[in-house]
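A.B. asks: Input: one structure, supplied below.
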Amino acid sequence: LEMTPSIKLFLTSAFLLISCTHSVPVSKEEKKAESERLPDNVLPDVSYRQYLSEVISAMESDKEFANRLRSMNDSDEMANQLEFASHSVRNRLDEIKRQEVERLNELEKALEDKLALKANPGKASRAKFRFGLQSLDEATIKRAHLDHSNPHTFEIADLQKLINQVTQDIDQVDQAREAEYKRYEMGKEHSRRARLRRIKDKKAREAAEQQMRAERERHRRHERVHQPGSREQLKEAWEKGDRMDRDSFDPKAFFMLHDINGDGHMDVNEIEALFWKELDKVYSKENDTTVDRVERQHEMERMRRAVLMRLDKNKDRMVSWEEFNAWISSQEANKDEEWKTAEESDEDKPFNEEELRQFEEQYNREHPDEGIDNSQQTGP
């Protein structure tokens, strides 16, 4: 039987979905080339994120109930604890659900208007003015994050459905972020090449290109980056991050130190915090005129995925003490192949020339007034 998701996984996944955004920060000069933002259908539909946030906030407002939830091992047990919530919490949850049902009903009306407009384009309709949801469809409205058969009260079935929906949606987050990062990098390269094309004087253009290459090489001259999760990387985090004596490295003490909330697991955020010192080697003013926060965040996520792939045996997106201890005691943990960033790796290049060509064609169609001549293409 498939294991049901734990309360810890639910809360971690919920946090990621609530904080998930549709765009990445870019510098002023790169903002235009980033091609605005990802289309709405790339990131998972988290239109219910406010509902999710309010449900969690309401449950956590009752400290005794919140502690009871945290002691549960799976989602079935968690949902069944709802009967122990205080009267005020239950009333608040009922109200939150009623508001969400109203929101979904409004969306359903908007969908009817949209379909009517599609069937009769000449007829005036409020669909084109309402919500601005171009991808509105029945699946969006009838998502299984609540029990539609009971629109009035928040019951065990609602909590169970919300847990299951969040767990399902979080599977798409890393894929969406990877696609977003890819577009960001193509936008940067498009911007770089466009700047060179605008320089008409050949010598000046060659000088600018040489300067760009020098900056890129400077960025790549950094201290060796340890393999994420290797014994050497963890010992360095212990020494430089935790300010402990390197020779006194103790796996149990290290795990407890980084298990911030003491629940016996390192979650996504706690795992990513292990890599700060490694990332400082690459993304630092010492080898960069500016530090690209988007690339740094992407690299942190790559490191986290690499660690979870090796340590997370039950695939709950966390590392338990048992999993950590088994790993650090193995010979595999002693291997420390140098880590290469996505920019440095031949295998993990964010895009190829054909993808960039398609990106630029789309960008130029959307921005015809810029009048950039792609025939004078400046290569990497």
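Every residue gets a Cβ built from N, Cα and C, even glycine.
Just so you know, TrEMBL annotations are computer predictions that nobody has curated.
This is the feature table in TrEMBL:
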- 90-117: coiled coil (COILED)
- 203-217: compositional bias 'Basic and acidic residues' (COMPBIAS)
- 232-242: compositional bias 'Basic and acidic residues' (COMPBIAS)
- 333-370: compositional bias 'Basic and acidic residues' (COMPBIAS)
- 299-334: domain 'EF-hand' (DOMAIN)
- 200-242: region 'Disordered' (REGION)
- 332-380: region 'Disordered' (REGION)
- 1-23: signal peptide (SIGNAL)
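Could you give the neighbours, burial and distances for every feature on this list?
C.D. replies: The predicted model assigns the coiled coil (90-117) a mean pLDDT of 87.
In terms of DSSP helix, strand and coil, the compositional bias 'Basic and acidic residues' (232-242) has 10 helix, 0 strand, 1 coil.
Panel annotation: around the compositional bias 'Basic and acidic residues' (333-370), residues 32-33, 35, 181-183, 185-187, 189-190, 194, 219-220, 224-233, 278, 282, 295, 298-299, 302-303, 327 of the same chain, lying at least six beyond its termini, place a Cβ under 8 Å from a Cβ of the stretch.
Beyond the ends of the region 'Disordered' (200-242), by six or more residues, the same chain brings 192, 249, 251, 254, 257, 274-278, 281-282, 284, 287-289, 303-304, 306-307, 310-311, 327-328, 333-341, 343-344, 378 to within a C-beta distance below 8 angstroms of the stretch.
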A.B. asks: Give me the DSSP three-state residue breakdown of the compositional bias 'Basic and acidic residues' (333-370), ordered helix, strand, coil.
C.D. replies: 19 helix, 0 strand, 19 coil
A.B. asks: By DSSP assignment, list the helix, strand and coil residue numbers for the compositional bias 'Basic and acidic residues' (203-217), in that order.
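C.D. replies: So the counts come to 15 helix, 0 strand, 0 coil.
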